[in-house]
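Engineer: The following block contains the structure, expressed as structure tokens.
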Amino acid sequence: MSDKTKTNEGFSRRSFIGSAAVVTAGVAGLGAIDAASATQKTNRASTVKGGFDYDVVVVGGGFAGATAARECGLQGYRTLLLEARSRLGGRTFTSRFAGQEIEFGGAWVHWLQPHVWAEMQRYGLGVVEDPLTNLDKTLIMYNDGSVESISPDEFGKNIRIAFEKLCHDAWEVFPRPHEPMFTERARELDKSSVLDRIKTLGLSRLQQAQINSYMALYAGETTDKFGLPGVLKLFACGGWNYDAFMDTETHYRIQGGTIGLINAMLTDSGAEVRMSVPVTAVEQVNGGVKIKTDDDEIITAGVVVMTVPLNTYKHIGFTPALSKGKQRFIKEGQLSKGAKLYVHVKQNLGRVFAFADEQQPLNWVQTHDYSDELGTILSITIARKETIDVNDRDAVTREVQKMFPGVEVLGTAAYDWTADPFSLGAWAAYGVGQLSRLKDLQAAEGRILFAGAETSNGWHANIDGAVESGLRAGREVKQLLS
């Protein structure tokens, strides 16, 4: 292997691959579910045209990559999938903590998310429900650090008011949510931030703190940087209905974890899968593509499908240079700087939920599991990693005890997606002015195709968007290689 490295915030891309301490820093009692079972050693018989090593190379082993590889494999193309990490899943990550299956990344699915739901039906995968109904206790933490306990009914009534006011024109702006720029109004609103609209809504202190918390989570950033149309589009994808939308976002997870669906898709694909293989360069040559890995291996293919997160493009050399539109996206990046945290406390707190306003760290807190014997496992989503060191157990304990005084923290498990050099950010989120330029991000460039949740038309912040983009890439491969 070469000694060349590329760095992000002090982390070596090469050292990250072999360092579980970096991948799961700050984790107590964590055991990653074996993703290697999806690795294929054989490929469906095919005749590689043009003297290339493969018909198709897919870069990235998340849901977009697994979907694209499956589509290409089933079309008879000899397909190789390269994943930089030592695991599959991309920005999903099934693991275990305190005896429970957990998800560090994308998790929730729903029948209103058509692409991922169809895949679950295809492979016979059911759902498990999170305990987010019939809540026992709800809290809000304001930006000044004060905490207010509110009845679940009052809490729910106020977030509904705030959210419906925020998205009041979603039907008008996105009558066809899977065609994002169908209306001129969508393009016009792309000049506005979520904060611009929140300021006009006349919300109460509670409602403003609730919607700030929620929108900071979607952004993985402060709401002044978060483009308004992206939120309206997601709401439209959920049927322009608050109850339906909330059900898509917080209720159902894939039985057996996200890795179960990844494994099923890749097993079906017949693709060859290699992990711990970062790609450093992609060059279009002689009617095909030459891919260079970080140990200087050269792999050739008729087509390459890039499914890695947008924020990592800057670590890959493209020849010829990518279009100006893509270069602008690469320079801007996508917003989200979020992290995921699980906390095991000794006390049985029951079914709890809490928001914390955007300047506070623990923006979304909910019960993952609870019992008198177990205590409580809290699932916590952090909008901006800079608000807390998720690997500092003392800091985490202090914040949890502000919300739930007197609890004893038994363990924590964390994943900082921005510190992961193969993500450099969390879930997809568009800044002001980005959604209207989505076509630039989606467009194929010669023999290089682009997928990933950021490039999807519909549920861009969800697993469904990644699957959608992988299906599109599969169609585009067929058009190029037919």
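Glycine is treated like the rest: Cβ placed from N, Cα and C.
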Engineer: Have a look through V279, V282 and flag the one Swiss-Prot assigns to the FAD site that A64, E83, A84, R85, R91, W108, A453, N462, I463 belong to.
Structural biologist: V279
Engineer: On the Cα atoms of A64, E83, A84, R85, R91, W108, V279, A453, N462, I463, which are listed as binding FAD, what is the maximum pairwise distance in Å?
Structural biologist: 29
Engineer: Where's the emptiest Cβ shell within 10 Å among the binding-site residues A64, A84, V279?
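Structural biologist: Minimum Cβ neighbour count within 10 Å, taken over the binding-site residues A64, A84, V279, occurs at V279.
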Engineer: Distance check, please: Cα of V279 (FAD binding site) against Cα of T381 ((S)-nicotine binding site), rounded to an integer number of angstrom.
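Structural biologist: Roughly 30 Å, rounded to the nearest whole number.
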Engineer: Using a 10 Å radius around each Cβ and counting other Cβ atoms from all shown chains, which of the binding-site residues T381, N462 yields the largest count?
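Structural biologist: For the binding-site residues T381, N462, the Cβ with the most other Cβ atoms within 10 Å is N462.
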Engineer: When DSSP states are folded down to helix, strand and coil, where does A64 (FAD binding site) land?
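Structural biologist: The residue in question, A64 (FAD binding site), is helix (DSSP, three-state).
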Engineer: In whole Å, note down how far the CA of N462 (FAD binding site) lies from the CA of T381 ((S)-nicotine binding site).
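Structural biologist: Counting only the Cα atoms, the answer is 15 Å.
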